[in-house]
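Okay, structure first, notes after.
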Amino acid sequence: MLCSLYHREPSGASLMKLAVVFCLLFVTANSLSNEDRRFCQGLECESKEDLLKVIQQLQDENRRTMLKSSRAASVFSEEAVGGATTRRSSLFETAASNAQCDICSSQPCQNGGSCYADSTKPWTSYRCDCPSNFAGSQCQTNITCSGSSCGKNTDCYVANHQLNCICKPGYSGDPKRGCTMKTKQTCLSGDPHYQTFDGLRFEYQGTCPYVFSQPCTTLGAPFAYYSVRAANSFIGDSRSVSAVSEIEVDFYNNTIHIDGSSRRLIVNGIEQHVPYYWPSKDRQSIAVKYSSGTFYVSNDQMIQVIYDVQGNLCVQVPDIPQFQGNRTLCGIGGNLDGEYKNDVVDRNGTVFQITSKNVKSGDPAFQRAEDSWITNNFLKIRKDAPACVTGEQVNNLTNCVRFNSMNLDSEEAVTQCAPIQDAMAGQGVFSKCTVLGNDTIQSMYDNCVYDVCYAPDQKCTVLQTFARTCQAALIVKDFGDWRTGTKCPFPTCPPHSQYEVCKSSCPASCADSSSPDFCDLPCSEGCTCEQGYVLDNTQISMVSCIPIEDCGCTDKYGNSYPGDGTTCEDIDECLDPKTCNVDLGHGNCTNTIGSYNCTCAQFYDQPHCDHYRPTRHCADLRNYWNYTSDGVYNITPPYLVPALKDQQGSVAVYCDMTTEGGGWTLMSAANDSEMTNRTYKNYADGFAKDSPYYNWLGLDLISGMTTYENTSLRLQLYRCAQNGLLAKTTDCTYKHFLIKGAAEKYAVVIPEVCKGTEKDYYDGWARWNLTQPGPAFVAFDNDDTNNCSANFRNTGWWFDARNRCGSANLNGVRYSCDNIPNDSTSSTYLFWGGSPLGQAWLYLRPTLFPNYDPTPP
């Protein structure tokens, strides 16, 4: 109050001086020792007794001034203060010239700490910014590593006002007590490079969800089952390289899903915030933490999953007998038996032969082995994601230059990755990273060149991965600025924070408002909140530094929620019928502490069930998702398809989005002999060769699609140039097309002829009584039609046994126009209207497209 008065009343000179002296008396008179006063100059250095005398003199002067308002009395006249005037005036001028009149004048911060007064209470409240190795309200505590600071097999270092105890690589446990459990890890990084538990290295670019690591059956007591699954996504516009974009972890019958792009945490289908503990913070069997773009998912059995959303994933398990053996752990991450040569095992247990620690990943047999771990047990949260592609399909499509090809691209990649190679010689921005060893540095350098060759804009992401790997291995964690020398931009920090090379992974946060004095996670570069602010990472997509009073709440289990307030007195948002659009029948609402979760009705999308977004077929994708480009997409049939029961109903299909308005779902296409020797069950389930562009959709799916709503079948037919006739493409459409169910042997129903540019006066296929169902479907292993399938090279079709197998087989074997079969064998190939064809494509679409769907509620 006195200090503020000094600033607010400039017209009352005596009153100003009086306020200053009162302030100095309050904050300084008793804070200086006799030794300090020997070297002190100014009014603030006076004793309490002298200051009281000055106060008395100023009070007398102020009274006289008020009584003699007509006199312009000198503030410090001889009359007022006698012979001490000159000295007192000088002391006052010295004090007044010091713009600080607050508690920091007493220099309460020790050991080089900087004092900052509270702007609202500058004479009573302050904070100290301490050097990194000091802590306490006045920087009075010196933090040092001693022999007893951390347990066995740990690295101890001091940073961020904390004692940091980190388990050494290859060990796990409580760093305070000791990291006594030996561990092994399997990792993937970049786009993407895998290394198994036993050290085998390879690339796998498939984008379908896959099993990364899990027990083949069960683990020995007392260890519980776990599973780690992952999904990759193509980088940018590339269709040849990918990076991990989502992960899913099963611990104790809980499923934890993390989406890298949105940084969403979903536990058992409900979105949660970090840190997350189960069943509680005090008894955490599962913990999910987040720091600087990295999620740490761990259980109480020392199994840890580390997922960096930049595209790095590691699974760490105990290196003990319960996890060891060639058939104990399964998945792309391999087993744990010390032998890399048996690390590639398909789902059936067949071992792919390995001759080197660096696998030639282009081998189709290798890709098929890894593709066998594709799983449909994976939460779908990206409904607009393109259809996934297997590793073998990517390998067949890849035409990018490899890093060891001597050309401009590879030479540029070598230049961009040189800082990593320099580390082997202890030079450059990563000179301290020799601790990683030449083998690791060389491997990461090779990976960098490969990645930058394929995706040049990934350079800084790859270098950041190397920097983090190096930093985790160093005892002295702050190894300096690597970004300037490599021209990689510094991270953009939110307001009230600043960039640090080695920031704490255990900062003060809304979940724990006081920064702990001990941290067991390694530091990393990132943004640190300013003093007076705490980290709010309950909403990871927009991490911020906020005053503690703006934090949300923590429930009784120790889990944090966004908002404002300090207790979890929950508001039930579900009482409002508009939440999740319950009033419109679009979904159901489940209340959670501090939030709520929507379970959307069929065809309505998350998170609020406010958009009608079905994905039943390509027509839906054209109508409701505005997809206008031909390509492969995922659809989700709303009816039971037995072959999809483990795929959450999703299947990849090829969509023609341009012909006649688009929305056509490819039903059948082939390039050669893909339809040959397929069993009846194969035809019921569906199959594809290299991609959904060459596929058979499956009788169960075709039957479901055509009975769910009225459907048309469009044929696109190609004839090779022959006998003086030019090559030509024709088309025609069966307006109504239906396939009956399995009980009726998938009999075809076509009530009218095919119309289009193909002649329609005598249909090329439907030549039976069209008022009745047509033939049943036949494959070579259920052929009761007098060997029709065998006559057509063991392909499957709706052969009309009553009419010499019928006049068409659009699943027939294709031939090349450069090698047209002779007349005696031509009738055994692709067939239409009694004549051979060069190619045929069959597409399905709702008959009333685009107005096939009633207006959604």
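Using the three backbone atoms N, Cα and C, a Cβ is placed for every residue, glycine included.
According to TrEMBL, the protein has these features:
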| type | residues | note |
| --- | --- | --- |
| SIGNAL | 1-31 | signal peptide |
| DOMAIN | 102-140 | domain 'EGF-like' |
| DISULFID | C130-C139 | disulfide bond |
| DOMAIN | 184-389 | domain 'VWFD' |
| DOMAIN | 570-610 | domain 'EGF-like' |
| DISULFID | C600-C609 | disulfide bond |
| DOMAIN | 609-815 | domain 'Fibrinogen C-terminal' |
If you count the other CB atoms within 10 A of the CB of C139 (disulfide bond), including all protein chains displayed, you should get 22
On the domain 'VWFD' (184-389), the mean of the pLDDT values is 91
Reduced DSSP state (H/G/I helix, E/B strand, rest coil) at C139 (disulfide bond) is coil
Per DSSP (three-state), C130 (disulfide bond) is coil
Per DSSP (three-state), C609 (disulfide bond) is coil
Excluding its own, the Cβ atoms lying within 10 Å of the Cβ of C609 (disulfide bond) add up to 23
C600 (disulfide bond), DSSP three-state class -> strand
